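As given in TrEMBL:
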- 14-33: transmembrane segment (TRANSMEM)
- 53-72: transmembrane segment (TRANSMEM)
- 84-107: transmembrane segment (TRANSMEM)
- 128-148: transmembrane segment (TRANSMEM)
- 154-175: transmembrane segment (TRANSMEM)
- 237-256: transmembrane segment (TRANSMEM)
- 277-300: transmembrane segment (TRANSMEM)
- 337-360: transmembrane segment (TRANSMEM)
- 380-400: transmembrane segment (TRANSMEM)
- 406-430: transmembrane segment (TRANSMEM)
- 437-460: transmembrane segment (TRANSMEM)
- 510-531: transmembrane segment (TRANSMEM)
Amino acid sequence: MGDIVQMHFTTVDYVIFALLLVASTGIGLFYAFSGGRQKTTQEFLLADRSMSCLPVSLSLLATFQSAVAILGAPSEIYTHGTQYWFLGCSYFLGLLIPAHIFIPVFYRLRLSSAYQYLELRFNKTVRICGTVTFIFQMVIYMGVVLYAPALALNAVSCSYFGSAVLSHDCIFILCQGGLKAVIWTDVFQTIVMFAGQLAVIVVGTHQAGGIGEVWRRAQNGSRISGLELNPDPLERHTFWTLGVGGIFLMLALYGVNQAQVQRYLSSRTEREAIMSCYVVFPCQQIVLALGCLMGLVMYARYGEDSPLDKGYVQSNDQMVLYFVMDVLRDLPGLPGLFVACLFSGALSTISSAFNSLATVTMEDLIKPHFPTMTEARATLLSKGLALGYGLVCLAMAYIASLMGSVLQAALSIFGMVGGPLLGIFCLGMFFPCANSIGALTGLVAGLVMAFWVGIGSFVARMQTSGLPVPDTTDFPDMGNTTAVVMTTLMTSMSPKPRPTGVQALYSLSYMWYSAHNSATVVVVGLLVSLLTGMSNSLRTVFPVLGTLLFFLPERYREKLCCVTPLENKVRKILQQILQVFYIPDCSRGFIFNSSPQILAGLCYAYLL
């Protein structure tokens, strides 16, 4: 492997890195002082619902393609092999379902916050609980995302705290430009991310002797994994855990997460919002492939002689950066491009999160209590909220830099909260019989189960290993969010007998966490609704309970679904009318220029 690589920037690297920050900041300033100058909450939080498909899709991709993911996917492949690549199988349904179920609901209701749906379907208490859960999730996650690129930049230049402050300053300016600035900056930064990763892969492959040699070394080192069909949910990575469990992780991210929903809602039409989901599918596959290829190139260069094992670096995250500096040390400027790639991922993720946090706080927690607030005051407060969340996340980044265990605990919390939030939306959309008491009880039960299993698993692993909590672990890229979950839950362990009882629950693969926790919410919510008086809500999209109970007589299905025979017939007639006469124009709401279309509009309102 040669001598220890000196991880320091040259002047050219600093220039390239600075150009990235200047360009990103310039986009934020441009939208802050152009157009409507972000004087309304509609413009600041939803880009005036004027965005087209391509920038929205690239922003969807960049929102959770953080520095943690860029650093983590190659480390995962280097350490465990290419089994993780099968996660790409989950992307199809993980994006198709949001496109045709979640997006139409949120867009047609003309919502600003995804959690407004919870009030429409249940009540205000459920909405507030969902909002608070989301805020808790994102604040902790943002602190970690802010710390990750600071850790990388610290390895080649200044202190991590100065790096975090620098990131925060840029993100603050981006947030002042509103969602439109965030989306267009995401487009620019996505290009930078692709360029940085491609540069490392191309140069590293050339130095290794070509892609054929890279593949041969990976095969000899047992890093090329076959199709593992073991159905055991305790296995870390199999086709089922990645291809099926990954669907629920994708649904939690692309279906109900406010940062993504806000991008759908910024689209000009519902059709463009749906198309953005389709466009992001091949982009996700490319991102996954690039991360996996970089991991293979790393293995071709170092084999089993890991820079981490030799003491050249202190963490798996820094091992990737060491590899980059090693490969590109004779090419001034390219190391700066890759670190710019890391910061692009972080800036995209954090600026998107700050904007979504400001949105849910304003729409769900402040506006309901101050309905007479002027647009100017609301917009100013939204900008202040974005800055305030930035300061909180900066504090979290500082804490994470001092205590590695806090970093791991924070990352595990992010993975544990997404499932219950997915569960409560599924409960409302798919089951007409669910009531507000069941929804609230289900959410609490899902969160309790998530923290019990997640924290119990972490503690059990530490007790079994008898080792202190490691500072950092490697994580792959879920095509975004999984990268975060993986960090906390997976450490290298020696083989041991199959666990039983509660230990088996603690050993559940992290890829099943979202499915397990969302199922807990749905099951508990339905049982409590049954005991407390089932609802009769038609504010659902796909009431699946009747389909699941296909083997029962129709009268029993109607009773369990809380739909009387008359209501069932009326619903079918109204749906037929809607299909014949309803003409949506989602850029301006709904157009009804004839009596049949007015009737169709009333039918639509009734069905929701």
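The first residue you see is number 1, and the count goes up from there.
Note that Cβ sites are derived from N, Cα and C of the backbone, with glycine treated the same way.
Residues 53-54, 57-58, 60-61, 65, 69-70, 73-78, 82, 84-85, 87-88, 91-92, 95-96, 98-99, 103, 194, 197-198, 200-201, 204-205, 208, 213-215, 217-218, 221, 223, 254, 264, 320, 323, 476-477, 479 of the same chain lie 6+ residues outside the transmembrane segment (277-300) yet bring a C-beta within less than 8 angstroms of a C-beta in it.
Here the transmembrane segment (437-460) does not touch the transmembrane segment (380-400). Their Cβ atoms form fewer than 3 pairs under 8 Å, with each pair 6 or more residues apart.
Among 84-107, 380-400, 510-531, 84-107 has the largest number of CB pairs under 8 A with the transmembrane segment (237-256).
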